[in-house]
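Each remark here refers to the structure printed beneath this line.
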């Protein structure tokens, strides 16, 4: 418990039997790492866990020292990438798999438990987020078609390989990494190309996430996208904090904190387990987060008509859930950074990296330009783009880390939608390119 709390900020996919829908991210790193991942021994687990927790603690300190100009998620991602590249931290480990497979779903549920009750004005966010997500999907499809025509991969059948890569990258940049392997298997992408594509994808995805966080920190960009409401998101955030932190101003002993954290772990674990029973792709997060959302609304509504003890327990649950989700978030972003094989991508996958980079560039241009025309706030465009590229878990993590708590639920919703349509759009792109080539 002490080691776990050491990485927690002061003030957060992919598995074995039941949470099978989260497996592709760890599988990505495993394929890129090759035999090194398969030879991972138990002795490497403490080193990986120590590097992860220490980096999370350092990243949190960096955020505090920089007055939030550098987010802790960006810092811990870059630390993970640097330590992995230098050989200090392993690129793959059972500790990373545990975070991605079991802790990340728990962290998403905890994020919902830490939220306030939803208000009617929040429903507008869901509509705008779905529109932004659709714009991002359109940009990804266009980018995939252009990349297949512009970027040539050295191969005996370059046109066919380009169509396959376009399908795979389109699927994963519409619905997140869950769709990567399903589409690769459907188009029968060979193992050599698969490994190169994985390496390029991990590098570009990490770089893109860093760019999203940098854009989120730019006041000029926010002002450009929201000229008449630049202060509204901040004002709303303050209002939310005033509502949610009234209890935090009261004395809170170490024992009370420990009990609140245990309550959060117990409730979030149960809801995550229920979600893991969902029989459809992406259903684990949708079901568990929906249950957490309902529980939050019920507790908030009951608080106004019930005993003071229930209100105190709800506030304690929110406190514990906040610490739990933020700690898991930081560990998760470290595993993303550590999984990036920078040397491999630069030396062996340059053409594949150019292919993926062009898709992401066109995706970003479409969602940002069209979103500006539709007057969608920048923060909603960034979260929707993250849901496209990384999926619901990374989008929810980004929204939570940036204190955009009202966007966590829309991020999970749009990301889950991407799970359902990503493969279909990828295969549609594949068939269209084959028809044009014939």
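Glycine is no exception: its Cβ is also placed from the backbone N, Cα and C atoms.
From the options 27-49, 50-72, 165-187, the stretch TrEMBL describes as transmembrane segment is 165-187. Counting Cβ pairs under 8 Å that are 6 or more residues apart, the transmembrane segment (130-153) and the transmembrane segment (352-374) reach 3 or more and are in contact. Contact between the transmembrane segment (352-374) and the transmembrane segment (165-187) is supported by 3 or more Cβ pairs under 8 Å, counting only residues 6 or more apart in sequence. Same-chain residues lying 6+ beyond the ends of the transmembrane segment (407-435) with a Cβ under 8 Å from its Cβ atoms: 21, 108, 111-112, 115, 118, 125-126, 129-130, 132-133, 137, 140-141, 144-145, 148, 159-160, 162-164, 166-172, 174-176, 178-179, 182-183, 186-187, 281-283, 285-286, 289, 293, 379-380, 383-384, 386-388, 391-393, 395-396, 398-400. The list of residues near the transmembrane segment (323-340) in space but at least 6 beyond its ends in sequence, with Cβ under 8 angstroms from a Cβ of it, reads 4-5, 7-9, 12-13, 25, 28-29, 32, 48, 51-53, 55-56, 59-60, 72-73, 76-85, 89-93, 96, 99-100, 103-104, 106-108, 110-111, 114, 202-203, 205-206, 209, 261, 264-265, 268, 393-394, 397, 400-401.
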